[in-house]
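Among the features that TrEMBL reports, domain 'Cation/H+ exchanger transmembrane' is placed at 14-381. Sequence annotations record features per position, and here TrEMBL assigns transmembrane segment to 26-44, 80-102, 114-134, 146-172, 184-204, 224-252, 273-291, 297-319, 331-350, 362-385.
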Amino acid sequence: MLFSFAMMILVGVVFAMIMRKVGLPNLLGYLLTGIILGPFVFNVIDTTTFQISSDIRQIALMIILMRAGLNLQISDLKKVGSSALLMCFVPASFEILGLMILAPTFLHLDLLNAAILGTVLAAVSPAVVVPLMLRLMDEGYGTKEGIPQLIMAGASMDDVYVIVLFTSLLTLAKSGEFNALSLLRIPTSILFGIVSGIVLGYVLCKLYRLLKLPTGIELASMFAIGMVLITIERIMTGMIGFSGLLAIMALTATIRHIKPEMADKYSAVLAKLWQPAEIFLFALVGASVRIDYALSFGPVVLVVIILALVFRMLGVYLSIMKTKFNMKERIFTMIAYIPKATVQAAIGGLALEAGLASGELILTAAVTAILFTAPLGAIFISLTYRSFLQKV
């Protein structure tokens, strides 16, 4: 396992340097690192690493969502009004609808399996989007209009919506029974996640002020609480849901609201922690990609993904229609909702494991979506933000 970690870091650093030389984001180098070191090329990463890869990816996601919360001003979301809420579910809903229209014709799936495919593909990747939006905020692009903040918040919440829909539809496909009450997990996951995060953030602010702990210990305790919140999410499998990642983001956003100077201190440390965490996150996502599946169905899957993205962009456009964004800012927001990676890597193979006839096709589509949209979205965001957004 130690050798696997060492190779991911060393090869990842080299590939990231190459990507920077040609003006591309580091994460492309890390994705490529995982693909090359993974089981379908050189097979350097051992099985023990894969057994804990889900937890490693979860810790990396915790870091990036803590950073997102610590940089999120509630007042910024108020600028865009109802669009902040609409971005959480409208773009994903449009993409699911698009796949329910396209997949029966192009991929010969029935409506239910097309909907399952839609829920697998519809989630945007906070692991790709959030770091890029934080970079925009650091450089002052689009912050006056609240564009990076809007995209960060929406990207974090639409995953909850999509995953609950996926679970409900997969259960229906396996058992033939659909429990409408299971959809309660969507609002309850969001509500209880945000409320618990706000309460914990308020309590931690009070405690840290009283105890005067070193910054490292304060952050370590926040990580421990974050891990507990993720564990609670895994335990709560009934009709009432809970989003640990949303709770973490709400917790840190509360700290930003109450103690901005404390938030700045934590954010500076987490920015350094994110550098190695980013390597592991995207290298492990890359290593989990089944290249053989991506090639097995030919170009038709990619065509369907591209057409579904058109539906998604229409959903984004409608969500931000009431904002004061100019056309370039609207186009940028649509582009920023392209990348897919972490959710697809996590749930792409579950339909196949459940024994669905469409499982292999769904996994192929998930892999293709990662390989196509994660690099493309990251490149588009990196190349357009300076010319499409206004700098403060």
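Keep in mind that glycine also has a Cβ here, set from the backbone N, Cα and C atoms.
Keep in mind that TrEMBL annotations are predicted by a computer and have not been checked by a curator.
Contact between the transmembrane segment (224-252) and the transmembrane segment (273-291) is absent: fewer than three CB pairs lie under 8 Å, with pairs separated by 6 or more positions in sequence.
Among the listed stretches 80-102, 114-134, 273-291, the one sharing the most Cβ pairs under 8 Å with the transmembrane segment (362-385) is 114-134.
For the transmembrane segment (297-319), the list of distant contacts is 83, 86-87, 90-95, 97-99, 102-103, 106-107, 118, 121-122, 154, 330, 333-334, 337-338, 361, 364-365, 368-369, 372-373: same-chain residues at least six beyond its ends, Cβ to Cβ under 8 Å. Sequence-distant residue pairs (6 or more apart) of the transmembrane segment (114-134) and the transmembrane segment (273-291) include at least 3 whose Cβ atoms are under 8 Å, placing the two stretches in contact. Ranked by the number of CB pairs under 8 Å to the transmembrane segment (146-172), the listed stretches 26-44, 80-102, 184-204 are led by 80-102.
Here the transmembrane segment (26-44) does not lie next to the transmembrane segment (184-204) in space: the count of CB pairs under 8 Å, restricted to residues six or more apart, is fewer than 3.
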